[in-house]
Each structure stands twice: as C-alpha cells, then as structure tokens.
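Participant: There's a structure below that I have some questions on.
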Amino acid sequence: MAGNKPFNKQQAEPRERDPQVAGLKVPPHSIEAEQSVLGGLMLDNERWDDVAERVVADDFYTRPHRHIFTEMARLQESGSPIDLITLAESLERQGQLDSVGGFAYLAELSKNTPSAANISSYADIVRERAVVREMISVANEIAEAGFDPQGRTSEDLLDLAESRVFKIAESRANKDEGPKNIADVLDATVARIEQLFQQPHDGVTGVNTGYDDLNKKTAGLQPSDLIIVAARPSMGKTTFAMNLVENAAMLQDKPVLIFSLEMPSEQIMMRSLASLSRVDQTKIRTGQLDDEDWARISGTMGILLEKRNIYIDDSSGLTPTEVRSRARRIAREHGGIGLIMIDYLQLMRVPALSDNRTLEIAEISRSLKALAKELNVPVVALSQLNRSLEQRADKRPVNSDLRESGSIEQDADLIMFIYRDEVYHENSDLKGIAEIIIGKQRNGPIGTVRLTFNGQWSRFDNYAGPQYDDE
C-alpha cells in the first residue's frame, strides 16, 4: 500500500519554527484531543453519533485531521466500517493518504488511543477550541473592517460585529439541541400547565391582542409562533398590526419591537398617536389640532414615555441576519421581548438568493420562524396577497392567495386575513366592520372574528354586535 511513511508528528502540527515568527500567537487547539477523537473512532465505530453531534470536520485545527474526519464521515455514510485498513484505502483513493501522514500516522493514531471511553469529552475539547478560534477570526475580521470600513458607518460595523458573533453563538446552541426523553418533556409540560392553572389569565395564555373575540379564538399571540397578517391594499393590515403592537405595549411591560421596512418611524408614530389618542390622523399629519386634540395627544405621549417599551427600526431592505441580530440585542438588554412586528415580509432581502425569489422568500419565512422559536416570542409578519383574488366574486382571502404562499403557509403557526366589504362595495351593509379571517391556526380553530374599523383614528376596536358564530 502506498504512503507507508514513518510517523512524523509534524504532519499533525503546523510548522512555525522560524525565529522571526516564534513570537506569534498560535490559535488555541489540542492536537492530543483531536488525535484521541480520530483514534477512538477507529477503535469503536459505535461512538460516531456521539462525536458527530459535537464536532464537524472544520472544528479540527490541522488540515490532515480535517481530511481524516471527512473521510471517516464518508465511510460512515456509505455503511462501511471505519478502521485502519478501510480508512487508509479510502484516503488513498482520494489521493490524500500521503498528505495526512501516510499509513504510519493512521496506525499511530490507532495505537496511541487505548480506548474510546472518553471520546465525547475529547470531542467537547475539540469543539471548544474551535469556537474560540472562530471568535478570534471574527475579532480579526471586525478589526480589519474598522481599519478599512469601505464607507460603512459605525452602526453598520456594530451590526456586522453582532451578527458575526451571534452566528457563532447560534451554531454552538444548535449543537446542544437534540432528542429529549419523554420524561423531560413531560416535566416541562406539567410545569407549564401548573403555571397556567395558578395564574389567572382569562383564557389568554399568550400576548393579549386587546380584542376579546380574537383572544377567544387564539388565546392570545403565542410565544414562538410565526403569525402572518395579510390583506389587499387599503384593508388596513399595517393599522391592524400596529394596533396589536400598541395593545401589547399597553398591557405588558416587556418591550415590543417594530421593523418598518416600508414606512418611516415618524409616520408610524403619528399613526400610533392617532390610534391611542383617538384623534383624527389627518389632523395630526397637517398640524390642524385644537386644544382638546393636544390634550389627548399629550396624555398619550406621557403614557408612552413612561412605559418606554416600544422600539422602531425603519431600516429598509433588512436581511434576516440583521433582523435577528437587532432583535437579540433588544432581548439581551431588556431580558426578553414581548412581541416583534415586521412590515412587511416581502421587503426583506437575502442577497445570496436574490436571483430566485421563491427560495429567497422561503429563507425569509424560515428565518422568522426560527427567530420566534429562539427568542420564545410571537413574531407578527405582514404579507402581500396575490392580485388574482380580485377576479373572484367573493374576494375574501384564502391561504393560497398569499404571495409566494408555499413556504409562508408552511412556516406560519397562525394566518390572519383582513377583509372589509366596504372597500369593494360602496353601499355595503357592513360599513365600518372588518373581518379577521383565521385561515390557519396550528393549535386552534379557524374561523372569522368581527372588529370595528375606525379609519380616521387608524384603529380597529372590539365589535359590539354579534359574531358570525353567534348568528
């Protein structure tokens, strides 16, 4: 067999013996731990799953060890045994046996590892050192960006730093996930049921929407849920979503976070002042206010400033990574978030997938669901509807009307459509009435809830008349 070279430890360790570079810091690593992992796998193939849950090939410091682990993974996937002979043959077929130190080095790995008993601990060491090296690499990247910002502002650089560091943390967190025994799941479930039993909540177990009949249908906006609010133009989807945010902010102390990709923050705030003060938004936009209007607005401003729990980000063209990093920052600074609202989903961008809109929307949808789950917070995302529904006699939306609907419908836990008959029929008997159509609810019923629409105030309110279920 080719590659029968004597063992040379320099094959495993980077050669940095030049006196001129002797003072350079070597990135953290443990050659011994890496060798013990590789040798242990050759001794006991049954430990592969334990190791694969902890490390990937890139976690190994030396290139030979990365090649060896990659080849082990290939053998495992093909159902072949991993031992000295099969590994050497496989590496030789790939033309990499000499580059990893030859047959002699593989034999040395196997010989110097007496057992695989502690292989999980060795794998943890390999992974730990890899994470620290990633942090060093990111720190260097951030430093280089600081010296050469290429037109980026300090805020842009902060976002870059946070997103890169959080990416490492997210990768590390994912390594800790996995199957849970039913006993552990039952313990957590019973604890949650006991908490709900002991705390009065009037049937609202999530974030209170502020709408009694909607709360009855949904039990509130649930933590970790992706909630889609969709409607055709002029139906009031931004108004409805903002009302959900306002109600959540008024009824709890946790911060609520708004990503307004379409509307500047000042315009958002004008709408909120109109909604909460019950002052005509046209009068606010034009400044034509009387003393009573000013009194109402001043009272609302006092409440908002006292609570200080609404955050607005009106950056345009945000990516999922930017949304995640900014949401994490608010959550970290305040010990959690009550609600996240994004207006609207189709304005987000994934530069790497910009050539394929379907894949881009799928990645945006998936990332928002992942964010909701990670921060354990309801994420309300607004979405457009296809124009095709305008051709139907009954223009009430259904799930298939969601633009790029496949991935959105699949990822969403709750889908709510807004329909106001008066938009299409000037003489409608339902003037001032909005229908909130629940098209999908993963853990509850679908159906329709009526609300009163007060457009002059940019406000949806509880409906005093009968609901559909009552008629």
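Each Cβ is built from the backbone N, Cα and C atoms, and glycine gets one as well.
The ATP binding site annotation in Swiss-Prot covers Ala231, Arg232, Pro233, Ser234, Met235, Gly236, Lys237, Thr238. Sequence annotations record features per position, and here Swiss-Prot assigns domain 'SF4 helicase' to 200-467. Annotation comment: Swiss-Prot describes 1-27 as region 'Disordered'.
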Participant: In sequence order, what residues of the same chain, 6+ apart, have a Cβ less than 8 Å from the Cβ of Lys237 (ATP binding site)?
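Facilitator: Once residues fewer than 6 apart are set aside, Lys237 (ATP binding site) is near Val229, Ala230, Ala231, Tyr344, Leu382, Ile418.
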Participant: An 8 Å radius from the center of the Ala231, Arg232, Pro233, Ser234, Met235, Gly236, Lys237, Thr238 Cβ atoms defines the neighbourhood of the ATP site; name the other residues of that chain inside it, in order.
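Facilitator: Same chain, not in Ala231, Arg232, Pro233, Ser234, Met235, Gly236, Lys237, Thr238, Cβ within 8 Å: Thr239, Ile418.
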Participant: What three-state secondary structure does DSSP assign to Pro233 (ATP binding site)?
Facilitator: coil
Participant: Fewest other Cβ atoms within 10 Å: which of the binding-site residues Ala231, Met235 wins that one? Let me know.
Facilitator: Met235
Participant: The domain 'SF4 helicase' (200-467): mean pLDDT?
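Facilitator: For the domain 'SF4 helicase' (200-467), the model's average pLDDT rounds to 88.
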Participant: I need the most crowded of these binding-site residues: Pro233, Gly236. Count other C-beta atoms within 10 angstroms of each C-beta and give me the top one.
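Facilitator: Its Cβ has the most other Cβ atoms within 10 Å: Gly236.
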Participant: Quick check on the binding-site residues Ser234, Thr238: which one has the highest count of other Cβ atoms within 10 Å of its Cβ?
Facilitator: Thr238
Participant: Starting from the Cβ of Arg232 (ATP binding site), draw a 10 Å sphere and report how many other Cβ atoms land inside it.
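Facilitator: Here the count is 21.
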